[in-house]
Amino acid sequence: MAAPKVAVVGAGVIGLSTALCIVETCPSCSVTVLSDQFSPNTTGDVAAGMLIPHMYPGTPIHMQKQWFKETFTYLFAISNSAEASEAGIHLVSGWQVFKSTPKEKLPFWADVVLGFRPMSEAELQKFPQHQFGQAFTTLKCDCPPYLLWLEKRLKATGVQMHTRKVADLWELHSEFDIVVNCAGIGAHQLVGDEKLFPVRGQVLKVHAPWVKNFIRDGDGLTYIYPGIHRVTLGGTREKENWSLSPDHGTTKDILDRCCTLEPSLQKAQDIKVKVGLRPSRHCVRLQREILSQGGVKLLVVHNYGHGAGGFSVHRGTAKEAARLVGECIAALRGSSSRAKL
């Protein structure tokens with residue numbers, strides 16, 4: 001059979017990294033990325049890009065750990081290469097602090113990040129409202145440069161990228177053999193997934209070059225993540241809120257909360273407000289599906305619903321999606337060889 005034609009719908013961090021993994025594992029494929037939005041207008045462009053996993057209640061822990069480990073290993077290698085600056089990836093050390101001691105003092109990802117340990121009494125004195133903390137070094141991805149770096153890698157391998165709004169996966173069946181759905185929150189409409197809901201996140205990107213360490217409140221609501229050029233301050237988690245308009249009261253609240261953790265941020269300048277909708281569901285949807293209409297079949301692989309944890313697991317889930325695409329290709333080859341018989 002001719003080279004299988006694969007369409008990846010969505011050009012956020014999940015879509016681009018999935019396309020890259022497909023090219024790497026199935027080099028005989030012809031891959032096209034279709035999206036109505038590319039960087040700098042994706043949800044990923046708003047994300048802080050910190051590698052600290054978020055829990056998916058419906059996904060087995062060993063799978064979550066595998067995805068995180070694969071992502072960490074992949075980005076760590078880039079951070080140790082000449083590509084690090086262009087890709088926007090760097091190591092950052094800091095603290096996760098808790099107002100009361102959590103049930104689980106050792107999270108499942110503790111041995112993946114670097115140097116994980118409980119905070120000392122002396123360190124905790126910096127956070128008088130908190131009584132327990134963890135110190136570790138992880139990776140931070142500055143998202144806009146990383147997305148552009150992924151695009152550049154894809155173009156170098158001959159992947160086509162087209163700005164196109166896909167309203168229905170069926171509209172692609174005459175052009176492509178396999179469709180990979182990485183539409184993020186767009187999957188709510190695209191495939192009618194009622195289990196998918198937005199969690200609105202508002203963050204501030206500020207100029208505060210003296211802030212070198214990350215600080216994250218254990219409840220996940222308040223965080224300070226220093227990037228290469230700007231510091232990301234957050235945040236909000238507003239379920240079922242579809243608004244992309246910044247809220248002035250929220251901006252003030254985020255700034256106040258972050259200044260409680262790091263008082264020097266009162267001097268932060270050039271505050272830019274960003275809003276994104278995290279595509280959230282009980283578990284990441286990562287599976288094969290065969291759609292059929294009037295005797296015609298369309299092979300689909302879904303990879304969406306990463307919520308707030310997309311950056312932490314993006315490479316791991318992309319590798320799994322690419323493996324599923326490989327299964328689809330094997331099925332196509334099997335049916336075409338049977339047809340010849």
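In case you wondered, yes, glycine gets a Cβ from its N, Cα and C as well.
Residues or ranges marked as FAD binding site in TrEMBL: V166. Annotation source TrEMBL lists D-dopa binding site at Y223, R278. Taken from TrEMBL, the feature domain 'FAD dependent oxidoreductase' covers 5-324. Annotated signal peptide per TrEMBL: 1-19, in sequence order.
Shown here: features listed in TrEMBL, placed on the structure.
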residue: V166; record: FAD binding site; Cβ contacts under 8 Å, 6 or more apart: V9, L34, D36, L172, A183, L190
residue: Y223; record: D-dopa binding site; Cβ contacts under 8 Å, 6 or more apart: A48, M50, F214, I215, R216, D217, T232, L233, G234, G235, C258
residue: R278; record: D-dopa binding site; Cβ contacts under 8 Å, 6 or more apart: T43, I185, P198, V199, R200, G201, H306, G307, A308, G310
TODO: Please average pLDDT over the domain 'FAD dependent oxidoreductase' (5-324) for the predicted structure.
DONE: 96
